[in-house]
Amino acid sequence: MPERRTVALVTLGCARNEVDSEELAGRLAADGWDLVEDASDADVAVVNTCGFVEAAKKDSVDALLEANDLKDHGRTQAVVAVGCMAERYGKDLAEALPEADGVLGFDDYADISDRLQTILNGGIHASHTPRDRRKLLPISPAERQDTAVALPGHAQEAPAPAPEDLPEGVAPVSGPRAPLRRRLGTSPVASVKLASGCDRRCSFCAIPSFRGSFISRRPSDVLQETRWLAEQGVKEVMLVSENNTSYGKDLGDIRLLETLLPELADVDGIERIRVSYLQPAEMRPGLIDVLTSTPKVAPYFDLSFQHSAPGVLRAMRRFGDTDRFLELLDTIRSKAPQAGARSNFIVGFPGETEADLAELERFLTGARLDAIGVFGYSDEEGTEAVGYENKLDADTIAERLAHISQLAEELTSQRAEERVGETLQVLVESVESEEDGEVAIGRAAHQAPETDGQVVFTTREGLVPGLMVEAKAVGTEGVDLVAEHHELAEVAR
């Protein structure tokens, strides 16, 4: 009988990375590895890193060092870096961080089991030389579907294992660009990749250089994966990619998302479909209509504004201004008054003036966003903005970050207060123990996992994870809502 091999996956970063980890888990489980939750119980600890901004990279390095410490006591024998930071820096990361026994890029994912076994046996797998992955795909989007470039979340052209040959809980390969997958956890919410990469050239962003150009997954693969997730008990699916508004452009139909969403909403067992990562400049009336009027599709708009001062946006290689962005939000709310809206912003961008900051404040005050993320600008090697003049000093960036973050906290708390009295459809996600008993936690249509607020129920009576219930918002705790389960609210009347 083969010796038991155990592996733990530690995931940092965004929902796209979570999907990649579940792909790696599926590949490893299909090849006989036992997945464990705690890295201290694993022969190999695989850290799925994030390479987005400096703080995320630091967190990734810290996680690798923490995993390395486990080798001094307990079962752990090897630590391996995967993910965006590993792909972005390759052998440079391996040289800078000898504590990692291996640094694997996206091209290694299809052979992840063999790679880990080699490392576990004391062998060495040479790390890749970093390269610009945008150059691996044709310039024309229409020519990208037939390429054989490794794309996390998209299986390659390979013979599909028979379902009976796969361990329980592993999704079978459904064809080209639909990966093996094994769920890591029991949450009633799961992400599904619509696409990989990005064709935009924002001057501050390095993501396209290591995630590559934009390429869509085929609708049939997205549907099959969603059906499988429903069979696993998932109630809400969140569609993720670097830019969901571009979905279908390489498949000959830029409006493919408008067609796909109703089909996903019709999958048996799925209670909610949520779309994330939308570009304001690419929003179109038909997409807004589908997002605001399709049953089971959340009227939720994760819009990547980044700033609202025209001069700053131009320097970012982006489009828009305060008034056009406010008009977009007005259009959305005219169709769905309770629609959720969130965004992220960068402050302290090179050349940003006090007037630009005031313009951003004007937008934030008028936008009534449910959730706001604020980041201070930092240079990312390989981006256009690194060479910009008129850079702000670190103290000024820190001051502006603190100021806008405080404003964002106040505004999102006010927005939560505006929602008191609303009737909400809430997906119960967990029941947690507190000093005075158990409390049920969920999220309404305007609240995405991890990044946004949540709903705290006044009682957990009759509530279990995975249940979709109607509730009335009766109070707030910062950006979170306090709500009564609808049946209890009726009794109270």
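We number each residue from 1, going along the chain as drawn.
Glycine is no exception: its Cβ is also placed from the backbone N, Cα and C atoms.
The annotation [4Fe-4S] cluster 1 binding site is assigned in Swiss-Prot to Cys14, Cys50, Cys84 on the grounds of sequence analysis. According to Swiss-Prot, the [4Fe-4S] cluster 2 binding site annotation covers Cys198, Cys202, Cys205, on the basis of sequence analysis. Per Swiss-Prot, domain 'MTTase N-terminal' is recorded for 5-121, and the stated evidence type is sequence analysis. Residues or ranges marked as domain 'Radical SAM core' in Swiss-Prot (evidence: sequence analysis): 184-415. Annotation comment: Swiss-Prot describes 417-487 as domain 'TRAM'.
Sequence-distant contacts (6 or more apart, same chain, Cβ under 8 Å) of Cys205 ([4Fe-4S] cluster 2 binding site) comprise Cys198, Glu380, Thr383.
When DSSP labels each residue, the domain 'MTTase N-terminal' (5-121) comes out as 67 helix, 21 strand, 29 coil, counted as helix, strand and coil in that order. Remark: Cys202 ([4Fe-4S] cluster 2 binding site) has Gln306, Met316, Arg317, Arg318 as non-local neighbours, by Cβ distance under 8 Å and separation of at least 6 in sequence. Excluding the listed site residues Cys198, Cys202, Cys205, the same chain places Arg200, Arg201, Phe204, Ala206, Ile207, Pro208, Glu242 with Cβ atoms within 8 Å of the centre of the [4Fe-4S] cluster 2 site Cβ atoms. On the 0 to 100 pLDDT scale, the model's mean across the domain 'Radical SAM core' (184-415) is 96. Within 8 Å of the centroid defined by the CB atoms of Cys14, Cys50, Cys84, the record's [4Fe-4S] cluster 1 site, lie the Cβ atoms of Leu12, Gly13, Arg16, Asn17, Thr49, Gly51, Phe52, Ala56, Gly83, Met85, excluding the listed residues themselves. Of all Cβ atoms in the protein chains displayed, 28 besides its own lie within 10 Å of the Cβ of Cys84 ([4Fe-4S] cluster 1 binding site).
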